[in-house]
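Taken verbatim from TrEMBL:
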REPEAT    1-30  repeat 'WD'
REPEAT    74-108  repeat 'WD'
REPEAT    115-156  repeat 'WD'
REPEAT    207-252  repeat 'WD'
REPEAT    253-294  repeat 'WD'
Amino acid sequence: MPQPSVILATAGYDHTIRFWEAKSGRCYRTLQYPDSQVNRLEITPDKQYLAAAGNPHIRLFEVNSNSSQPVISYDSHTNNVMAVGFQCDGNWMYSGSEDGTVKIWDLRAPGCQREYESRAAVNTVVLHPNQTELISGDQNGNIRVWDLTANSCSCELVPEVDTAVRSLTVMWDGSLVVAANNHGTCYVWRLLRGTQTMTNFEPLHKLQAHNGYILKCLLTPEFCENHRYLATTSSDHTVKIWNVDGFTLEQTLTGHQRWVWDCVFSVDGAYLITASSDTTAKLWDMSNGEAMQTYQGHHKATVCCALHDGAESSPS
């Protein structure tokens, strides 16, 4: 099987993971995921594997394979896994779960290597570009920075008491972090390097982005040419694109019929993929806000999508 240059996958509540040809919209591979719904998908930096986070396990599948079986299963969470991601060289994986923990897994060895206790259901985890800090957001409204070098929590923030933090995103250069919550609000901070390794948060902006829940917030990647944007997806069925310089509304993407759960930018920021409870995923042209393609095939809510259209980053 030749390796496709663009890997696009979606999953959700119908117990399947689907791989799509991005341009044509054709589904060319379907994996069964019988044990639970799939909450989150992530592709390894080298494009070799797809991680699927379910309840309560994470399964790793080969991207370029006819096999329907996972290569490995990570099993020590005890509730829904809501976040999963990879270190830039692909040596280790991180996860966050409704069991209240953030975990780190060595991909070359089975079992959990480290565990951090958040004391509330974890909804979102992101890795700082410095690769040495994880930032988590939980159901009680706490944001915590986990210093992987010191192996401890180095910073805690509560932007709104008892308001769940649904999604976190960090600018590729580490300069900004955005947290989105259940009240439709985004909090934006500048990240300042402290005298130690600790990251300091300086409040920059409070954005009332949606009337409903924000389910995902995402900043554009490094190779985005023109502007730096923030995308927010919501229970109000829309996706909004904000200009990071001033946080003005650039455009509203309309077309999904139900909640929009997830989104991912292409490597150059020219396109956006979204996943919705209306069972579809869509491909949007960021230059005009038009939907270029709709991916139809799931039978229930599509709640996560993963895209890797950049060069393979091989382990250093």
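Any Cβ shown, glycine's included, is placed from N, Cα and C.
No curator has checked TrEMBL annotations; they are predicted automatically.
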**Averaged pLDDT score, the repeat 'WD' (207-252)** = 94
**Request:** Would you mind listing the long-range same-chain contacts of the repeat 'WD' (1-30), meaning Cβ under 8 Å and 6+ residues beyond its ends?
**Result:** 36-38, 41, 43, 47, 50, 52, 61, 63-66, 261, 273, 275, 279, 281, 283, 293-309
**Fill in**
Tertiary contacts of the repeat 'WD' (115-156), defined by C-beta under 8 angstroms and 6+ residue spacing from its ends, are 76, 79, 82-83, 85, 87-88, 94-104, 162-174, 177, 179, 181, 191, 196-201
